[in-house]
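Presented below is the structure to which this report refers.
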Amino acid sequence: MPGSAPVSYLGPWPKDVGIIALELYFPSQYVDQTELEEFDGVPAGKYTVGLGQARMGFCSDREDINSLCLTVVQRLMEKNALSYNSIGRLEVGTETIIDKSKSVKTALMQLFENSGNTDVEGIDTTNACYGGTAALFNAVNWVESSSWDGRYALVVAGDIAVYATGSARPTGGAGAVAILIGPNAPLAFERGLRGTHMQHAYDFYKPDMVSEYPVVDGKLSIQCYLSALDRCYSVYRNKIYAQWQREGSDKSFSLEDFGFLVFHSPYCKLVQKSLARLMLNDFLNHPSPNTETGPFTGLEAFRDVQPEDTYFDRDVEKAFMKASTDMFERKTKASLLISNQNGNMYTPSVYGCLASLIAQHTPSQMAGQRIGVFSYGSGFAATLYSLRVTQDHIPGSSLDKLVLSLSDLKTRLDSRKKVSPALFSENMKLREDTHHLANYVPQGSVEDLFPGTWYLTRVDDKHRREYARRPLDDDLPAESERVRSSSATEHIPSPVKKMPRMPAAMAGSERAVSN
């Protein structure tokens, strides 16, 4: 099989398995949250200050979960000049279900048809916003297992987050992320350093199989998120302390041992509160914190609080948000670009935060850092894990290429079209009325989509979906044509050896993809 590793390379522990490339997609239109506050008749600042949200991206009826994932996968493959034969595992994390049997992964396999590669493991993984992380762990585990054949793994996380009219609607959003996994990565997973917590709760769930809208217990959801964060941090801290002891160090772990911290972001203000929550954990875990000087100054009154009693304690929250302000500015604030400007993407949310962090730092600023990543999905499932950034940040290095690939993130956000709240509301009503209809032709404008975006063309009488792709260049003819030379060379290194260049996937506007 082209791209497979020689037997001699299939050792037990490939080195530095992690993220080699990352591509992010979000819709080309958004609604302004300040305007939405006025439209909804709520006090000024309720969405923008209370939630910390500025804009919310949303999809017309032209886009669904399959089109989002088709778009982000093809963009990653094209941007990195990768052969589809170089992918040995593809797994999708999503909670946006349009078919109770057929997976999104099988729809994505149509991108592989020209390469002839059907030997691709993996399937869809679902648990609210945690599905993308579960898929990511499965990919890493595959590369580090005896099943690995030397090729890359590709992880896709995508969702359309929509809510019924009411207080939850401004916490919506949409998007997808594609993550290339392999050894010798610029962002390597730290082996053995995962703190996981899973528990049963009805904080957020989708029992209505014909509706996109969830049932949400807002207060319980926040409690579940924060309690999971407490537990995951405790488990992670114990594991890294045990690891350090085995290496001969008796040092205790604290938040300062993370260079950066990114969180699953339902809305930005919860992320700021979450960092404050971790500082509370450090404070309570410290044997003798200095409350006279340093970050814990003036916090002596909270020395004996019990974490489980403080989820909604405004005094504790206010004190530790103030105490963690500097840390938030240094370690987390930059990660909230996508969340603030596009909203909650569900499974891709935490990886949009990771992309935002990378996009706003230079390779030298990232080099050698430990990045803490907290992923949460309602119901509920959560993990805190860490990535170690390579020290190699010279021009042309894998880290340099990763940073460069995301450097246009803010420009792409700024190029979107602003839509009025009234039109946004009409769009949500259209989605509600047409969700899962047969014999349906979408009404949304194709011209408003970003170039290179896949979109839904029709749903037939058997609910089979057909898609086409908007051209990368509007001057191209409608019929499909190859957009890359078959002699092009890859600029991302193969996991083991250089992959042979295979025929490129088609990228015209009217190549139909059926589901």
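Note that the numbers count up from 1, one per residue, in the order the chain is shown.
Using N, Cα and C of the backbone, Cβ positions are placed for all residues, glycine too.
Whatever TrEMBL says is automated annotation, not expert-curated.
Since we're looking at a predicted model, the values are computed, not measured.
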Item checked: Range among 424-469, 470-515 that TrEMBL annotates as region 'Disordered' -> 470-515
Notebook entry, point to check: Using an 8 Å cut-off from the Cβ centroid of S221, K269, K273, can you name the remaining same-chain residues around the CoA site, in sequence order?
Noted result: I222, Y225, L226, P266, Y267, L270, V271, S274
Item checked: Rounded to the nearest Å - Cα separation of E95 (active site, proton donor/acceptor) and K269 (CoA binding site) -> 23
Checklist line | Cβ contacts of C129 (active site, acyl-thioester intermediate) (under 8 Å, same chain, 6 or more positions away) | finding: E95, D159, H264, P266, Y346, T347, S349, V350, S375, Y376, G377, S378
Check: Taking the recorded positions one at a time (H264, K269, K273), which has its Cβ surrounded by the most other Cβ atoms within 10 Å?
Finding: H264
